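Q: Copying in the features that Swiss-Prot gives for the protein in this structure:
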DOMAIN    11-241  domain 'ABC transporter'
BINDING   Gly43, Pro44, Ser45, Gly46, Cys47, Gly48, Lys49, Thr50  ATP binding site
Amino acid sequence: MENTVQNKPIIELRSITKSYGSNTIIKDFNLTINNGEFLTILGPSGCGKTTVLRLLAGLEELDSGNIILDGEDITNVPAEKRHVNTVFQSYALFPHMTIFENVAFGLRMQKVPEAEIKPRVLEALRMVQLEEMADRKPTQLSGGQQQRIAIARAVVNKPKVLLLDESLSALDYKLRKQMQYELKVLQRQLGITFIFVTHDQEEAITMSDRIVLLRKGKIAQDGSPREIYEEPANLFVARFIGEINVFDATVIERKSENVVLANVEGRVCDIYTDIPVKKDQQLQVLLRPEDIVIKELDEHEHSKAIIGHIIDRTYKGMTLESTVEFEQNGKRGLVSEFFNEDDPHMDHSIGQRVGITWHEGWEVVLNDEDNQ
């Protein structure tokens, strides 16, 4: 069954607070998660993302607040009685049991009739394409196969929500990319809510319907992967999600409701923003490396671009990255271009004088956080 994200809430976290001793991890935290959603809780170490997951699973007790699952208050419901299952980073498979017995374990703990266990286990193994591995032991499987068994063991219980705690971090790069795709497909097939916890922004952007980015126990931004990447709400979000250039800008004048004339690192140009501004106000102009264009200049040419010299070039297969040091102040900008060996305009050299520009309207403009 193809999954379509519904707007009906499946989980509501209402003003939850959790402390360890005198250290408050999250305080008055609110979050609504919709039915059938693939939601990723993303953030650096210590931001509170794993604490939120453990509270959802019932592995930690709240100090205050409420957790609502499908309309029912489960704040005081023990972990084993919640319709929630967790796939841990370690997978936590029993090495002495066969794959079949590992997947069947939860059903036996719930005293499900034996006649019902076999078809449900085989169906779960079929979903993760490991039905033929039923009689093997976990040590006979690869890391990716163990990951899928851990997921099968969780979904066989027919949970309303599946929690995944950094469960791809132990895999190598190629297998991790494969499992990202497989998890997304499986979630759509099952039609249940996945809540994935990670510090890896690429995983979050690749897999999620929605990302909640945490910082010090608070939500820094909540939105779709595209919104988070292209429209960061603040400098922390912009820097956490991929590479970003942060240029200093000084307001010259407002030209219209959405256009401001500004001096950006020596380049006088239009920037697009509806932020209230006044003359000489400091702003920050954010641009992804792939949104910047290099223009070749001779040593005496003046341009409406930011002028600088190329100080480093890095070939990355599909792209070519150039670091440009600005003549005006010695700051540096990063430019990423799709590599085309037949394009003479890409043949820049170390030390070459260049100008950098961008497509007007592609920039993100924020108030200068250093001067607030």
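Note: Cβ is positioned from N, Cα and C throughout, glycine not excepted.
Because the structure is a prediction, the values reported are computed rather than measured.
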Q: Is it possible to get the count of other C-beta atoms within 10 angstroms of the C-beta of Cys47 (ATP binding site)?
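A: I count 22 other Cβ atoms within 10 Å of it.
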Q: In sequence order, which residues at least six apart in the same chain have a CB under 8 Å from the CB of Ser45 (ATP binding site)?
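A: Result: His199.
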Q: Around the recorded ATP site, report the further residues of that chain (criterion: Cβ within 8 Å of the mean position of the Cβ atoms of Gly43, Pro44, Ser45, Gly46, Cys47, Gly48, Lys49, Thr50; site residues excluded), sequence-ordered.
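A: Once Gly43, Pro44, Ser45, Gly46, Cys47, Gly48, Lys49, Thr50 are set aside, the remaining close residues are His199, Leu214.
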Q: Quick check on the binding-site residues: of Gly43, Pro44, whose CB has the lowest count of neighbouring CB atoms inside 10 Å?
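A: Across Gly43, Pro44, these binding-site residues, the one with fewest Cβ atoms within 10 Å is Pro44.
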Q: Which state, by DSSP, holds Thr50 (ATP binding site): helix, strand or coil?
A: helix
Q: To see if you understand the setup: which same-chain residues, six or more apart in sequence, place their Cβ under 8 Å from that of Gly46 (ATP binding site)?
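A: Gly46 (ATP binding site) has long-range Cβ partners Lys216.
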Q: Highest Cβ count within 10 Å among the binding-site residues Gly48, Lys49, Thr50: which residue is it?
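A: For the binding-site residues Gly48, Lys49, Thr50, the Cβ with the most other Cβ atoms within 10 Å is Lys49.
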Q: Look up Gly43 (ATP binding site) in the DSSP assignment and report helix, strand or coil.
A: coil
